[in-house]
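**Q** There's a structure below that I have some questions on.
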Amino acid sequence: MGSSSSSYAPKTIYLDVDGKVQRVIFSRHCSPCDIKELLCSSSNIARNTAILLIDSEGALVSIDPSMPANTPNNLYKVMPHSANQGGEKEDMFQNVLSQVAEQFSRAFRINELKTEVTNRLTMLEKRVELEGLKVVEIEKCKNDLKKLRDEMTSRGGVRMNCNCKYNFSDDGKKLSPRRDVPSYPKYTLSQETIETLKKPTFDVWHWEHNEMLSCLEYMYHDLGLVKEFNMNPITLKRWLLAIQENYRDNPFHNFRHCFCVSQMMYGMIHLCNLQERLTMTDMCILMTAAVCHDLDHPGYNNTYQINARTELAVRYNDISPLENHHCAVAFQILSMPECNIFANVEPDSFKQIRQAIITLILATDMARHGEILDSFKQKVDSFDFTNEEHVKCLKMVLIKCCDISNEVRPTEVAEPWVDCLLEEYFMQSDREKTEGLPVAPFMDRDKVTKPTAQIGFIKFVLIPMFENVMKLFPQIEEIMVQPLRDSRDHYEELKQIDDAMSEAQKKKTESMSLGGKKK
C-alpha cells in the first residue's frame, strides 16, 4: 500500500458543546476507542459512556480515524446512547405466555385442530391467490396457521434434541416478526472508507456489528441490487439484522467472518470488473451466498457432526450437513415476509436465484475442493462467459476464494484470524478426545503450531486455486496472489525458527542428561 505525508497529518473536527464550538484534534492512527474517549472528555461526558456522533442533519457519523472532517459552520454533536427495550421485552414475554395458555386450552382437541388447520389452510390459500393480499395481511394469516401447527407439533410428536440454536419445528424462535424500522443506525461512510471497502486490504477488525451492517447495506445499494430487484430498503435492513442474529459467537465462524467473506466478494467484483462480465442476477447470487454461507455454524465441523452422529448429520445423511443447514436457515429467514428481500421477484426468477445460492453455499464444503477446482481447471483456458456451466463453475470458485481468503489480507489483519481458527479447532479436538472420537492432527493442540497449520494450506490449497483464477483475471496477481506467496514465505521462516529452537532445546536437554550421568 502506498503512503504520503498527508496520511500522517492530524485530523480536526468541530463539536457543539453546550452551544460553544469545541475543536478536537487527533491522529489518523488513533483507534476508535481512543477517539471515543477523546470525544467524551471534550463533551463533559463520563468515560466509557456509549456515545453517538451526529452531524448537523441528524445523521450518525462513524467514530473512526477515517470519519469525514467538518467545519465550524457544520458542527458535530456528541450524544450519550441509551436504549430502553424493557417494554418491548415485557410485551414479547406476555405474548409468549398468551400463546402457551392458548395451547393448553386446546390440549384435548387434537382432531378438531387437524380439521381446523386443513380448512383454514385451504381458505387462506384461496384468499392469497384470488384477492392478492398485501404483505402484512399474508403475514397475519401465516401467523394464525403457525399457531395451529405449533399446537399440533407440541401435542403430536417428540422432537430430538439439536445442537443448533435454529430449529425448524420451532419457527420464529430466533426470528420474531418485526414491522418497526430496525434499530441499528445508518452510519455516514467517508469516501476513504467507501474506496477501501472495495479492496482486499480492508481491515475488518476496526468495525462494530452495527457498522458492518451499514457497510453490507451500502454494498447492496452500490451494486444496484436494491434497484434491480426492487428491494424494500427497510426489508433489506431487517434481513441483514436477522442474518447477524443467526450467526453464533464462535471464535472463527461468526458474523465478522460473514462480513469478511462478503467484503472480499464485493472487492473481487470490483477488482475483476465482474459487473461487465456477469449479470445482475449473478451479482446478487454471489453477494447473498457470501452473506448467508455460514449461518448458525455451531463451531464444530462436518467431520465432528458425522463422527458424533449429530441431528444435522442424521438429517442430511452425512452429506455436507453444515452447508445444507446454512442453506436451510438462509431460506427460513427469507420465508419471513418481513425479511424477504426477493418479495418483488417473479417466482421463476426466485427459483433460479434460490437454486444458485444453494449451489454456491454447498460449494464451500472443503471436502469438495478438489472436485470443484479440477472442474474449473478444465474450463479456464477456454473460458466462455456466455456458457452457463462455465459461469456456474466460476461462481463456485469465487465464493471458495472469498471463504478462505484471510491470508490475502495484510499480515496484521490475517494473523488474528489464524488464532481464532486454532481456538475453534482446539475446542473441537478437546471435545473429540472427551467423547472418544477421532482427532485430526491439524486440530490437536498437542501437535499443531501456527506455522505448520498454515504452510500446507497456503501452498497446496490457496495458491493453486488463486493462480487458476489469475489466468482469467490477471489483475489479481499483485493484490491477491503475491500476498499469499509472501504469507507462505513468512510462515516458512517462522517454522525454521521454531525448528532451530526445538533442536537447540533438544541438545541442551541431552547435554544436561549426559552431565548428570558423569556425576
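Heads up, the Cβ atoms here are built off N, Cα and C, so glycines get one too.
Automatic prediction, not curation, is the source of TrEMBL annotations.
Copied straight from TrEMBL:
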type: ACT_SITE; residues: H253; note: active site, proton donor
type: BINDING; residues: H253, N254, F255, R256, H257, D294, D403, Q454; note: AMP binding site
type: BINDING; residues: H257, H293, D294, D403; note: Zn(2+) 1 binding site
type: BINDING; residues: D294; note: Zn(2+) 2 binding site
type: DOMAIN; residues: 177-498; note: domain 'PDEase'
**Q** How big is the AMP site in terms of the longest C-alpha to C-alpha distance among H253, N254, F255, R256, H257, D294, D403, Q454, in angstrom?
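**A** Among the residues the record ties to AMP, max Cα distance equals 23 Å.
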**Q** Sorry to bug you, but what's the C-alpha spacing from H293 (Zn(2+) 1 binding site) to F255 (AMP binding site), rounded to the closest Å?
**A** 11
**Q** Using an 8 Å cut-off from the Cβ centroid of H257, H293, D294, D403, can you name the remaining same-chain residues around the Zn(2+) 1 site, in sequence order?
**A** H253, C258, V261, A290, H297, T364
**Q** Fewest other Cβ atoms within 10 Å: which of the binding-site residues N254, Q454 wins that one? Let me know.
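**A** Among the binding-site residues N254, Q454, the lowest count of other Cβ atoms within 10 Å belongs to N254.
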**Q** Out of D294, D403, which of the binding-site residues is least crowded by other Cβ atoms within 10 Å?
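**A** Checked D294, D403; of these binding-site residues, fewest Cβ neighbours within 10 Å: D403.
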**Q** Do any residues at least six apart in sequence from R256 (AMP binding site), in the same chain, have a Cβ closer than 8 Å to its Cβ, and if so which, in order?
**A** V204, W205, M212
**Q** Check the domain 'PDEase' (177-498) for me and report the mean pLDDT.
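**A** Summing pLDDT over the domain 'PDEase' (177-498) and dividing by its length gives 95.
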**Q** I'd like to know which of these recorded positions, H253, H257, H293, is least surrounded, judged by other CB atoms within 10 A.
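**A** Checked H253, H257, H293; of these recorded positions, fewest Cβ neighbours within 10 Å: H257.
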**Q** Q454 (AMP binding site) to H253 (active site, proton donor): how many Å between their Cα atoms?
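**A** H253 (active site, proton donor) has its Cα 18 Å from the Cα of Q454 (AMP binding site).
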**Q** What's the CA-CA gap between N254 (AMP binding site) and H293 (Zn(2+) 1 binding site) in angstrom, rounded?
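**A** The separation of the Cα atoms works out to 11 Å.
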**Q** Give the number of CB atoms, excluding that of F255 (AMP binding site) itself, located within 10 Å of its CB.
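**A** If we count other Cβ atoms within 10 Å of F255 (AMP binding site), we arrive at 20.
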